[in-house]
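Participant: Sharing a structure here in structure tokens format.
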Amino acid sequence: MDLLSPVIAGFGVVFQPENLLYCLLGVTLGMLVGVLPGLGPAATIAVLLPITYNIEPTASIIMLAGIFYGAQYGGTITSVLLRLPGEASTVVTALDGHELARQGRAGSALGISAIGSFVGGTVAIVALTLVAPLVAGFALDFGPSEYTALALLGILLITTLGTGSPLKSLLMATVGLLLATVGQDPLDGVARLTLGTDRLLDGIDFVIVAMGLFGVAEILHNLESLRRPGTPMTSVGSVYPTRRDLTESKGAIARGSVLGFLLGILPGGGATMSSMAAYALEKKVAKRPERFGKGAVQGVAGPETANNAAATSSFIPLLTLGIPANATMAVMFGALLVQGITPGPTLVDEKPDLFWGVVNSMYVGNLLLLAMSMPLIGLFVRVLRVRPTILAPLTILITMIGVYTVRLSAFDMFLMVGLGVLGYLMKKVGFEPGPLVLAFVLGGLLESSFRRSMRIFGGDVTGFLTQPITAVLLAAIVLILVTPLILRLARRGTAA
Amino acid sequence: MRIGVLLATAALAASASACSVKGGGADADSSGYPAKPVEFTAPQEPGGSTDLLTRALTKNLEKPLGAKAVVVNKPGANGKIAGKDVFSGKPDGYRVAVMPQSLFAVGPLMIDDPDAIKVEDMTLVKGLAVEDYVLVVPGGSPHRTLKDLLGAGDLKYGTTGAGTGSQLSQTLLFGLAKVKAAPVPFDGGAPTVTAVLGRKVDVAAVHVAEAYKQVQAGKLRALAVFSDRRHVALPDVPTAKESGYPVLVDQRRFVAAPPGLPADVRDKLAAAIDKAAASPEYLQLLKTSHIVPWNAGGEQVAAQLNESRQRFTTMARDLGIDLKAQP
């Protein structure tokens, strides 16, 4: 079989005018969202979910994917110019990026991050093209027991690798698991925690959880801090990096590409984590680490490359195994389901048009972003001046209309607002919604896979250890749980 | 520019919501029917087979009906959410629902629900389509025939969920053959097929459309269909009945309205659906989805629902299977 022919056919899908248009729309929207602080890609994709019903599946996923990686470009702009990260994944960019801007070299910072993002994204797509079919190839070996271990691993990694406190993450994950049990028992059909209403019989819709906790909560949270820390700088300077900038960031871009790609695949990883890891790595390998925080170009190039590579590679576990690696991918998972597409091992085979169309649209999207980002920086800076008092209510309105249209249900609308308020309160006391949403998605998988496995093993728990892949995954879980303890003990040993 | 983007987004959202038309308003005079758009509620998310079917039907319905026909999606609980909503409305013929047979003939046998919709709770308008179940094993399975499989014993069988025909057909088959078999329910057809392909279960029953491609590719082997006669798309696959196990389980879809719909309104609607169901576009959709048309009037639909429910109950009782205890 010709391995490349579906890949090339995928380009045919991308170059259909309609799909190109949605790709352009996606990346532009993504950039805009990245620029606007507080409105993250997960929230935007969640808000747009219901609108995508009326768009053909491939086109809608192309657009949503564009929003995700486009936001990685846009987030940089506010990080650099305002020291106000538009995106969690661009927080570390603000450290050196804004310093560069204060030295009048904002252009260099923005230019280098656009180039880095492009390189990181492209490297990740090439790797994705090669790796995804391989993963999908052995994905049929993934059955109930493997999914049980994988879901467990995912939830564990979110709680330990997350940006917040592990204890809080664990608590949030537990709430997510609990919410996931609402509705009909997945195996027996018995109603659980439905409070006696048919509305909850099918469980809580993921769209509602995502829009409430990400969308509404974020907006409410932002309304609290209406003041802007400063007016955007009007002069950006040249947006084209100097030759010296490029030479200095070559290594950082290469390392960021690889690191971002790898961390993006990991459950619980993704853009935010990889940008932070890349910053730490650059500081470690730098000849003059003291320059970091004072305007080191590498401190911008590394993280910006990594977050874009990760944004791309996190599509691998989603599309091939049906497992979302991070919160944004969880929303993307919902988008696919809404379109009647179940991401999983058979997707590459059964929907090659969709799969390769989406993958290849990322090449095109990254090119578009590179072409647009530098000339359009000035425009996006002006967008920053939209008053939140106008933007916030409008977004909430769109969210409400959106959630209503899913099932024409006012109940869902109230549920979403309720979850939004809950999410706002959570944020206020330092609880991130990410672990909750991800555990909510993985919880259903965990429960039903575990119970299916038990049926297959005839009720014998040791059956899990007879499956090679499952056993390896379980070993990894034990390792992750035990390693910190051993390290602590070892440290105590040397100290004594 | 920035306002423009926001407005465009808002407009997009608004247009997405605008496709709903509420069928309120009393139209006592049924001779004027239809005087406004007729709303078809599909009990499934957009993009699913029922949704596509409903959309292909309504598209071709507008001309014979002489009014606009609008599709509204109200997914959930195998059609119960949509049914409860539509059948509590006025019997004026402006809001109807596409309902699955399994909600009335399969689910109640397996799941206790005091609040379930009953056949009397609706006016049956017209049968639409029949979807058959096919029993499949992995392509490389040692079981070449149904007899082989049933001789193996101690099977793990995949089902497409609790209260589905996929579960019922296999429970009855293995009960009839007195084979020790444990059900492993999955969440719909696609994951069930994946589980068979990956040999996580020995066998599963799924809709023909869900298995057809893989059967053609040799990755799945079809051993039996649970219909009265062989399926047009799988002419070489015997029926379970032919193999000596008279298990007849299929999924049917039909149009229903609130109880008490005036007979002339019902007839008008049924006649228009008849014409739409004969349109090339609709038939083509059925064909590519391996679904068979079901040209049945309201009484026939009622008879089918009651008959199959009765048959399943009797069969289970005779076999000594407690369907409710079946997970």
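Cβ atoms here come from the backbone N, Cα and C positions, even for glycine.
Okay, so TrEMBL annotates it like this:
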| type | residues | note |
| --- | --- | --- |
| TRANSMEM | A:20-49 | transmembrane segment |
| DOMAIN | A:20-438 | domain 'DUF112' |
| TRANSMEM | A:61-82 | transmembrane segment |
| TRANSMEM | A:118-140 | transmembrane segment |
| TRANSMEM | A:147-164 | transmembrane segment |
| TRANSMEM | A:258-281 | transmembrane segment |
| TRANSMEM | A:318-341 | transmembrane segment |
| TRANSMEM | A:361-381 | transmembrane segment |
| TRANSMEM | A:388-404 | transmembrane segment |
| TRANSMEM | A:470-490 | transmembrane segment |
Participant: Are there residues at least 6 beyond the ends of the transmembrane segment (A:318-341) whose Cβ is under 8 Å from a Cβ of it, and what are they?
Facilitator: 40-42, 45-46, 49, 52-53, 57, 60-61, 64-65, 68, 132, 135-136, 139, 142, 147, 150-151, 154, 206-207, 210, 214, 264-272, 311, 347-348, 351, 354-355, 358, 433-434, 437-438, 440-442, 445
Participant: Do at least three C-beta pairs under 8 angstroms join the transmembrane segment (A:20-49) to the transmembrane segment (A:118-140), pairs 6 or more apart in sequence?
Facilitator: no
Participant: For the transmembrane segment (A:361-381), what are the same-chain contacts with Cβ under 8 Å, counting residues 6+ beyond its ends?
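Facilitator: Cβ under 8 Å, 6 or more out: 13-14, 19-20, 23-24, 26-28, 31-32, 35, 62, 65-66, 69-70, 73-74, 77, 81, 110-111, 114-115, 117-118, 121-122, 125, 128, 232-234, 236, 239-240, 308, 312.
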Participant: Return the average pLDDT for the domain 'DUF112' (A:20-438) as a whole number.
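Facilitator: Summing pLDDT over the domain 'DUF112' (A:20-438) and dividing by its length gives 81.
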Participant: Take the transmembrane segment (A:258-281) and find every residue of the same chain, 6 or more past its ends, with a Cβ under 8 Å from one of its Cβ atoms.
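Facilitator: Sequence-distant neighbours of the transmembrane segment (A:258-281): 72, 87-93, 95, 120, 123-124, 127, 150, 153-154, 156-158, 160-163, 252, 299, 302-314, 316-317, 323, 325-329, 438.
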